[in-house]
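Below is one structure, written out as structure tokens; comments come after it.
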Amino acid sequence: MDVPGPVSRRAAAAAATVLLRTARVRRECWFLPTALLCAYGFFASLRPSEPFLTPYLLGPDKNLTEREVFNEIYPVWTYSYLVLLFPVFLATDYLRYKPVVLLQGLSLIVTWFMLLYAQGLLAIQFLEFFYGIATATEIAYYSYIYSVVDLGMYQKVTSYCRSATLVGFTVGSVLGQILVSVAGWSLFSLNVISLTCVSVAFAVAWFLPMPQKSLFFHHIPSTCQRVNGIKVQNGGIVTDTPASNHLPGWEDIESKIPLNMEEPPVEEPEPKPDRLLVLKVLWNDFLMCYSSRPLLCWSVWWALSTCGYFQVVNYTQGLWEKVMPSRYAAIYNGGVEAVSTLLGAVAVFAVGYIKISWSTWGEMTLSLFSLLIAAAVYIMDTVGNIWVCYASYVVFRIIYMLLITIATFQIAANLSMERYALVFGVNTFIALALQTLLTLIVVDASGLGLEITTQFLIYASYFALIAVVFLASGAVSVMKKCRKLEDPQSSSQVTTS
């Protein structure tokens, strides 16, 4: 029964005050989990030995041959990553993130412990399998934070968490280069530092708060309460007028509710997640998302280019070792990785200031820059100068980081967080499937088992093919746009006459 008059207004005001205080408290609670997750990401990425992995495996510590490293060991990471990605994607959501973050930390510890003490081909292959687990579980790191902060904080906490890993990787690369070139430390010592850092990350992960919600399996529908004419929605107060229901973004807010939303005053036991229903919803969302041509276009480029990017990054140390063997000269792998990461970060920052009609020129832009990537990989492969190789690699990484950021923005622009996670997972899975096929044919000893220089020639041709495909698709799109612009003009002229 409604309470009339001033009492009703006082009750509404009191309810509004309580809700605003609750929202303020929730906003303040974002700092601790974000700080802990950033600390975890920083230490997990602080691995000074990583840019020197290939010289370490080929050196006296492991004494492996080039064929064993490139054709029998490195492919194991690709295969394990592919096999684990989809189960980990579902398990991450079902287990509510934190257990999978802990699994990643534990996998990194096992990886670097084995890198220090394991010997022989089979042992190093097992090491690559554990590194595949660590890579596949990385999705938990990037999605955990969305379950413990409000929707309005998503952009800020995303930038913090990604910056933490970026800074960690850069600091690790610079530290490794300084210790090798200036202090004369051994590569074994760098791996000891890496093991220490990932152990610290694992310890930090235990202090992360356990999320109560997740995107799919533990998702709560939108909560809506009314207090005498005031509509309380997702921790905010909205006037119940026709105009407010048609404000820009109203539907978007309804579909993108925060995951850590407060429970209603009357607590009810959370229903057990219907796994089959979740999978059915995922399938319907998949069909709906990829029926959009712009999203399909950007997703195709994402999958194709990420496949090539993984191959180049995974085997570029082998190419450098071929051009300039580390046992005969000083190497600067760590410095190159640090420079390419920093310049890539600058390029990513500049994306926000690029003004272009991506719906018209997006495919042509992808074609042009894919051609530049192909040229960089080709120069890296054919010019037998280590400094040219380093410079080409820096250009390659800058262009890829620039384009993948644009692709991410274009895909995420009109998707809810749930659908963005789905599209990200599907695109990554397709990229890994393509990479597995490419690895099996080109790299694996059971396939062609080609030399590293021949492999990079194929990778350059691969990116050139991507450029041709998007050039043709972009030309068709531009012509269609021009025809649409001409048709209204011609029809208006006919009407005038």
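Note: Cβ is positioned from N, Cα and C throughout, glycine not excepted.
What Swiss-Prot lists as N-acetylmethionine is Met1, and the listing cites a large-scale study or a structure entry.
Residues or ranges marked as topological domain 'Cytoplasmic' by Swiss-Prot on the basis of sequence analysis: 1-28 (among others).
Annotated transmembrane segment per Swiss-Prot: 29-46 (among others), in sequence order. Counting residues 6+ beyond its ends, the transmembrane segment (29-46) has Cβ neighbours under 8 Å at 101, 104-105, 108, 141, 144-145, 148-150, 153, 157, 160-161, 163-169, 171-172, 175, 194, 197-198, 200-201, 204-205, 207-209 in the same chain.
Among the features that Swiss-Prot reports, topological domain 'Extracellular' is placed at 47-72 (among others). In the predicted model, the topological domain 'Extracellular' (47-72) has a mean pLDDT of 92.
The N-linked glycosylation site feature in Swiss-Prot is assigned to Asn63 (among others). Asn63 (N-linked glycosylation site) has a Cβ environment of 11 other Cβ atoms inside 10 Å.
Sequence annotations record features per position, and here Swiss-Prot assigns transmembrane segment to 73-91 (among others) based on sequence analysis.
The topological domain 'Cytoplasmic' annotation in Swiss-Prot covers 92-99 (among others).
For 100-118 (among others), the entry in Swiss-Prot reads transmembrane segment, with the evidence type sequence analysis. Remote same-chain partners of the transmembrane segment (100-118), defined as residues 6 or more beyond its termini with a Cβ less than 8 Å from a stretch Cβ, comprise 40, 44, 47, 49, 56, 88, 91-92, 124, 126-127, 130-131, 133-134, 137-141, 144, 188, 191-192, 194-195, 198-199, 201-202, 205-206, 208.
Per Swiss-Prot, site 'Essential for pyridoxine transport' is recorded for Gln104 (among others). In the three-state DSSP scheme, Gln104 (site 'Essential for pyridoxine transport') is classed as helix.
Non-local contacts of Gly105 (site 'Essential for pyridoxine transport') by the CB criterion (under 8 A, 6+ apart in sequence, same chain) comprise Tyr40, Ala44, Val198, Ala201, Phe202, Ala205. Feature annotation from Swiss-Prot assigns site 'Essential for pyridoxine transport' to Gly105 (among others); the stated evidence is experimental evidence.
DSSP gives Ile109 (site 'Essential for pyridoxine transport') a helix state. If you draw a 10 Å sphere around the CB of Ile109 (site 'Essential for pyridoxine transport'), it holds 17 other CB atoms from the protein chains shown. Look at Swiss-Prot and you will find Ile109 (among others) tagged as site 'Essential for pyridoxine transport'.
Residues annotated as site 'Essential for pyridoxine transport' in Swiss-Prot: Thr111 (among others). For Thr111 (site 'Essential for pyridoxine transport'), applying a Cβ distance below 8 Å and a minimum sequence separation of six or more within one chain yields Leu127, Phe130, Tyr131, Ala134, Val198.
For Trp112 (among others), the entry in Swiss-Prot reads site 'Essential for pyridoxine transport'. All protein chains shown were included, and the count of other CB atoms within 10 Å of the CB of Trp112 (site 'Essential for pyridoxine transport') stands at 26.
Panel annotation: around the topological domain 'Extracellular' (119-128), residues 57, 62, 64, 68, 72-74, 76-77, 80, 111 of the same chain, lying at least six beyond its termini, place a Cβ under 8 Å from a Cβ of the stretch. Swiss-Prot lists 119-128 (among others) with the feature topological domain 'Extracellular', giving sequence analysis as the kind of evidence.
According to Swiss-Prot, the feature transmembrane segment maps to 129-149 (among others), an assignment based on sequence analysis.
The annotation topological domain 'Cytoplasmic' is assigned in Swiss-Prot to 150-165 (among others).
Here the transmembrane segment (166-185) does not lie next to the transmembrane segment (456-479) in space: the count of CB pairs under 8 Å, restricted to residues six or more apart, is fewer than 3. All protein chains included, Asn191 (site 'Essential for pyridoxine transport') registers 23 other Cβ atoms within 10 Å of its own Cβ. Mapped onto three states, the DSSP output places Asn314 (N-linked glycosylation site) in helix. When the alpha carbons of Ser186 (site 'Essential for pyridoxine transport') and Trp112 (site 'Essential for pyridoxine transport') are compared, the span between them is 15 angstrom. Across the topological domain 'Extracellular' (444-455), the DSSP tally of helix, strand and coil residues reads 4 helix, 0 strand, 8 coil. Looking at 73-91, 129-149, 286-310, 387-409, 420-443, the range that has the most CB pairs within less than 8 A of the transmembrane segment (338-354) turns out to be 387-409. Here the recorded positions are Gln104, Ser186, Asn314; the one with the fewest Cβ atoms within 10 Å of its Cβ is Ser186.
Highlighted: of the candidate stretches 73-91, 129-149, 192-208, 286-310, 364-380, 364-380 has the greatest count of Cβ pairs under 8 Å to the transmembrane segment (387-409).
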